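What TrEMBL says about this protein:
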SITE      ARG11  site 'Important for substrate specificity'
ACT_SITE  ASP68  active site, proton acceptor
SITE      THR69  site 'Important for substrate specificity'
SITE      GLN151  site 'Important for substrate specificity'
Amino acid sequence: MKLILGSASPRRKELLAQLGLVPFDVRSPDIDEDPHKAELPRPYCARMAREKAMAVPRAEDEIVLCADTTVALGRRIMGKPVDEKQCAEFLLAMSGRRHKVITAVAVAYGDRVWEADVVTTVKMKRLSDVELNSYLNSGDWRGKAGGYAIQGPAGAFIPWIQGSYSAVMGLPVAETATLLMTAGYPVYGDPR
């Protein structure tokens, strides 16, 4: 059985490596990531992971792993900011408040899909103008859900989380291992 990572995210590849797993191939799915009208963050995130897993072409002996990470402030989905202005809006909305980071994982093998999601509460400190502008100028926000990555410079804005650090990074390691094993993938080697 060959593991296919359905993501171009270097962080997800690094997190898989924590399990000692190296994907046979990396194939990024091409799907419409726009939320449906009035779609809530958690169902949206689960749908994205599932649709990604189904969109990745696979051979009979290939198992596909996909994930989606969504930042939510209440019912609001904060995707990847399109520009610096939107990133500033996201960060100011989260500044001094708690928000949720939802990471959904989907594993597809044969005609089945196994799914799990992890919700982590994240506290962002109140950002000063200097912190906000310096971070925006760094460009580190580009391509990141909610406009930040906890493992990057914005990690200095996060005094605490309640939940899974690896899920906030983009792939909940424990849940991913369980899903892969449930689907029949030998995460810890072939038991024979």
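Think of each number as a place in line: the chain as shown, counted from 1.
Every residue gets a Cβ built from N, Cα and C, even glycine.
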(request) Could you check what DSSP calls ASP68 (active site, proton acceptor) once collapsed to helix, strand or coil? (result) strand
(request) List the residues of the same chain that sit at least 6 positions away from THR69 (site 'Important for substrate specificity') in sequence and have their Cβ under 8 Å from its Cβ, in sequence order, or write 'none'. (result) CYS45, VAL101, ILE102, THR103, ALA145, ALA167, VAL168, GLY170
(request) Round to the nearest Å and give the CA-to-CA distance linking ARG11 (site 'Important for substrate specificity') with GLN151 (site 'Important for substrate specificity'). (result) 9
(request) Return the single residue from the recorded sites list (ARG11, GLN151) that has the minimum number of other CB atoms within 10 Å. (result) GLN151
(message) For the C-alpha pair, I'd like the distance in angstrom between the residue listed as 'active site, proton acceptor' and GLN151 (site 'Important for substrate specificity'), rounded off.
(response) 17
